[in-house]
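For reference, the structure discussed in these notes is given below.
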Amino acid sequence: MQTSKSSLAALTLGAIGVVYGDIGTSVLYAVKEVFGSGHVPFTHANVYGVLSVLFWTLTVIVSLKYVVLVLRADNHGEGGLIAMLALASQAVKDRPRLRGWLLGLGIFGTSLFYGDGVITPAISVLSAIEGLEVVSPHFGKAVIPLTLVVLFGLFAVQKRGTAGVGRYFGPVTLVWFFTIAALGVPHIVGHPEILGALSPHHALGFILGNPGISFIILGAVVLCVTGAEALYADLGHFGKRPIRLAWFSVAMPALTINYFGQGALLLAEPSAVKNPFYMMAPDWALVPLVVLATMATVIASQALITGAFSVTKQVIQLGYLPRLNIQHTSVRETGQIYLPFVNWSLFVAIVLAVVMFRNSSNLAAAYGIAVTLDMLITTVLTFFVIRYGWGYPLALCVATTGFFFVVDLAFFSSNLLKLLQGGWFPLMIGGLVFTLMMTWKRGRELLNDKLREDSIGLQDFLASVQANPPMRVDGTAVFLSAEAGVVPNALLHNLKHNKVLHRQNLFVTVRYHETPWIGLDQRLQVAPLGGDCWQVTVNYGFKNELDLPSALRLMHGRGCELETMSTSYFLSRDVVVPTIGSGMAPWREKLFAQMHHNASGVAAFLHLPSNAVVELGSKVEI
């Protein structure tokens, strides 16, 4: 029991650092942007109304939607939009048109994650360092350079992994939550009447009394739930109970106290609206607070970067992006990975955002559209999971998800007003990533169709080979093929040029499934073909670590004994040549050909030993 309690405490502390770092730093800018927009007349009633709207936004979107409902939709213990997409896809697998529509919707939502991933670190780190302007206006010119230095340092250390410093994320973020709560308490004690804003009637009164203003400021209110989707995305790392415990015992109380402390400060000192978070602190605490806030925002950004690596790897394994260079940064934790291309692409986009928008208020205009659209997509997918996957009554599913859909739609609609002020930026990034994903998926389909058209049946080919057997050499040859049952091009080229066949031959097809994990008992499907040849299908989930040699070692005892030193892997490297009238627009064909050319090699992706790989090339017109 003691071990169980200590494990729960450790997981809860970890969840505080990774899951709630982002939403925990929203106190830096949420209240400032709501009142700083100039849309809300500064009255006591409006302060109560806005605080009530902030509190009930946290309650409805985070506590009810994500913590209570969405966390239940785990896919073999895993969460995140891709896990939800896989659940929804499986739930409607007997409805192919609906399934295709949901897959497109889910992939679009995944693309938007990258748009959010650019804005969130930029606004978080920038707003933390802007605290220096409260210390002294003379620091104003240093804010952007310091922000860029911090961001560069953050991205530069990614290749070393986070195993060493990751243990401090939870404690530092816990200190942050205690600090923001401590900042709010004295101001609430000075104006305890502010706690009356906990009542929903203040939120309803504000919305009904000022419908136009309320609709507009929802675009700023949504800042209080930055990172809410991380609750679900990190489900597989921490589990439901630690995530829920961390929210209700630490994050939610600390956020509420701080927001209400900022509200109490505004009641007493309306001029504090220019930066209410930092102006809650005494002068002596400002510099340490800026340092702590910067550390907290770096941790929050780190969690998002790690999430980008993980999501990209999953999308690659689902077949929506080309293979990329994936480096493992820890010998103990297989999930700790580093993708150089993703890392530096994010960095360039974030630097561009900081330089273009200049301050956190301008970045606040860019934030919201992508994340609220993501929330809408999550709600839609949740409906199909609980209706068709869990079999709940239609009326209950519509009532539950319909309520959240209306809330999400209100926030999304409000954020559309910010489209020209900066909302276009994350949408542009998401749209670009979505175009790349769909082009790659369609291009792979066309490529596989072409290879299938030109292919020879494996059984017939082996029969002809056995009738006129070539010379056999010792060892095992592993031929990789995208399709089972057809002759791999690498085998044809090997016979053409080398005129030999190995003693044992495995024809291997790797399959990626819409489930997070596939156990070792389901890893291989083996079919003997005769003549010491086998057809092998290797199955992976989208979160499994890919290691083909390890998987093939499971062949022992199935009539095929693999010796590592005498096994060779034969791969076909297809050079794609775009042609007119293939099923894609010419520019997409050229884009696919370039993506295919730049994709990292199969050998590294499947962890094949480099000294045992033979790669043979061929041209394919699509």
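Note that Cβ sites are derived from N, Cα and C of the backbone, with glycine treated the same way.
Note that the structure is predicted; figures quoted are calculated from it, not measured.
Going by Swiss-Prot, these are the annotated features:
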type: TRANSMEM; residues: 8-28; note: transmembrane segment
type: TRANSMEM; residues: 50-70; note: transmembrane segment
type: TRANSMEM; residues: 100-120; note: transmembrane segment
type: TRANSMEM; residues: 137-157; note: transmembrane segment
type: TRANSMEM; residues: 169-189; note: transmembrane segment
type: TRANSMEM; residues: 203-223; note: transmembrane segment
type: TRANSMEM; residues: 247-267; note: transmembrane segment
type: TRANSMEM; residues: 285-305; note: transmembrane segment
type: TRANSMEM; residues: 337-357; note: transmembrane segment
type: TRANSMEM; residues: 366-386; note: transmembrane segment
type: TRANSMEM; residues: 392-412; note: transmembrane segment
type: TRANSMEM; residues: 419-439; note: transmembrane segment
CB contact flag for the transmembrane segment (169-189) and the transmembrane segment (285-305), at least three pairs under 8 A:
yes
Residues sitting near the transmembrane segment (247-267): Cβ under 8 Å, six or more positions beyond its termini, same chain?
12, 16, 20, 23-24, 26-27, 30-31, 35, 42, 44, 47-48, 50-51, 54-55, 58, 62-63, 67, 174, 177-178, 180-181, 183-188, 190-191, 194-195, 197, 224, 231, 273, 276-277, 279-280
Recorded stretch, among 100-120, 285-305, 392-412, maximising Cβ pairs under 8 Å relative to the transmembrane segment (137-157):
285-305
Counting only CB pairs under 8 A, let me know which of 8-28, 50-70, 366-386 has the most with the transmembrane segment (285-305).
8-28
Any residues 6+ beyond the ends of the transmembrane segment (366-386) with a Cβ under 8 Å from its own?
61, 65, 69-70, 73, 81, 84-85, 87-88, 91-92, 102, 105-106, 108-109, 112-113, 115-116, 119-120, 123, 219, 222-223, 226, 228-229, 232, 353, 357, 392, 397-398, 400-401, 404-405, 408-409, 411-412, 414-416, 418-419, 421-423, 425-427, 429-430
Please work out which recorded stretch in 8-28, 100-120, 203-223, 392-412 has the most C-beta pairs separated by under 8 angstroms from the transmembrane segment (337-357)?
100-120
Under 8 Å, at least 3 Cβ pairs, sequence separation 6 or more: does that hold for the transmembrane segment (392-412) versus the transmembrane segment (419-439)?
no
Below 8 angstroms Cβ to Cβ, which residues of this chain, lying six or more residues outside the transmembrane segment (203-223), approach it?
26, 29-30, 33-34, 37, 39-40, 45-46, 48-50, 52-57, 364, 367-368, 371-372, 410-411, 413-415, 417-418
